[in-house]
Amino acid sequence: MTNIHTDKILILDFGAQYTQLIARRIREIGVYCEIWAWDHDPSEIAGFGAKGIILSGGPESTTSPGAPVAPQEVFDSGLPVFGICYGMQTLAAQLGGATEAADQREFGHAEVDVVAADALFSGLTDHAGASRLNVWMSHGDHVSQVPPGFTITATTDRIPVAAMSNEAKRWYGVQFHPEVTHTLQGQTLLRRFVVDVCGCQTLWTAANIIEDQIARVREQVGDDEVILGLSGGVDSSVVAALLHKAIGDKLTCVFVDTGLLRWQEGDQVMAMFAEHMGVKVIRVNAADRYFAKLEGVSDPEAKRKIIGNLFVEIFDEESNKLANAKWLAQGTIYPDVIESAGSKTGKAHVIKSHHNVGGLPEHMKLGLVEPLRELFKDEVRRLGVELGLPRTMVYRHPFPGPGLGVRILGEVKREYAELLAKADAIFIDELRKADLYDKTSQAFAVFLPVKSVGVVGDARAYEWVIALRAVETIDFMTAHWAHLPYDFLGTVSNRIINELRGVSRVVYDISGKPPATIEWE
């Protein structure tokens, strides 16, 4: 079997918003990589066995006291090193060059002039011209003097060093962001570093990952039984399909129907996994328990905790009935692992705690099986398609863990959840009919707990308000509201008001992120 982890790249993260994008681009090339904090234990960096190291961008200034630096072991390793943005600046500063703060930040599109050919830039062209490349900049500081042994390979009208290299040492740096699609030749630059300079084979493919994970799961669990909390979401669905392929009927899935799922989602999950794929699925109808626990609770964080804790409680009850189960499978994915890792210095902040990472009751003496923990979401989707799951399921828009519980503002009631699920289904149905679903990154309805005056027949009526939300985004860190056609919005509004008793008004959310978040709670 192919060892897909032999050739790998290590990315040291200095806190840039684009770091995960670097990793995703390298994975797309077909090479495995991991993201570690810049201050990770140097001995572990040496022991990782990378074929090359990338230094990411970051928000700090190399001119500030205590600015993050790459461990000296990186430069002593003899490995190729590629610094991006802040990564190039610290590369220069640490190796005897100089950096300085610019009078003003450079952010957005720029053109760089290639002035010397090296392994990355040789023969590279795009429509900006033979020696001019369209790139994406996002920086304040810049390199003012390259270190000894380095050559300037690219410049711009505003900065003297847009790229530099020391070919003898195989050290490279660029001030711009090759991982961003606006840098037209960015993927080619990354491929040249990873494949040509570092010598990595492109073994990281969906088929190879499935083969690798099946072997790992079989080795890990042996003849033991495994249980999985199946939510209907992409991650747990792909885990179910993968484990079923690996261990067959030794897998039992527990599907907790909270009453806060998408319209008819419970029936769809059972049809797909239990009936179509032959997976053992226990369905727990727990809506009554959820609505009882959520009664009178309006604080969003309190709702999240109640929903999460009750899921664990119910799952615990069901797992106790499965005496032979020794392993718990989870849909943890790589961003969960990164965000929960943090940094020993506190320079990299723990963004949030994840229900998939460290959220299990301590008395649950089950081993963990996490076959997706090395994968980004786009890779999980590709695996799902490779495993035979329907594209409509695998490429569905994101759905929050607490479900409709955080799309109902304020207190959650059964009648609100039923209205919202139906309104949401109408919105999604119309998006698909108009061929707009795949053109939006996320679209959903929100229940507003306010009554607005309307006219029903000849009478005034005070009824509920539904908000529609649709956004376009690449990474979900920033998002634009989707400019859906007025006629389309009118059709959706008419259907919701006409088909749902109790709704008299539909509004459309035109807030971007930032300042708004994508979800309302």
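Glycine too: its Cβ is placed from the backbone N, Cα and C atoms.
Per Swiss-Prot, the features are:
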DOMAIN    8-203  domain 'Glutamine amidotransferase type-1'
ACT_SITE  CYS85  active site, nucleophile
ACT_SITE  HIS177  active site
ACT_SITE  GLU179  active site
DOMAIN    204-396  domain 'GMPS ATP-PPase'
BINDING   SER231, GLY232, GLY233, VAL234, ASP235, SER236, SER237  ATP binding site
8 Å Cβ shell about SER231, GLY232, GLY233, VAL234, ASP235, SER236, SER237 centroid, ATP site members excluded: LEU230, VAL238, VAL239, GLY331
Alpha-carbon spacing, ASP235 (ATP binding site) to GLU179 (active site), which is rounded to whole Å: 25
Where ASP235 (ATP binding site) sits in the secondary structure, as DSSP reduces it to three classes: helix
Residue among recorded positions CYS85, SER231, GLY232, GLY233, SER236 with Cα closest to the Cα of GLU179 (active site): CYS85
Distance [Cα-Cα, Å, rounded] between GLY232 (ATP binding site) and CYS85 (active site, nucleophile): 40
Distance from the residue listed as 'active site, nucleophile' back to SER231 (ATP binding site), taken between C-alpha atoms, in Å: 40
Separation of alpha carbons, VAL234 (ATP binding site) and HIS177 (active site) (Å): 30
Residue among the recorded positions CYS85, VAL234 whose Cβ has the most other Cβ atoms within 10 Å: CYS85
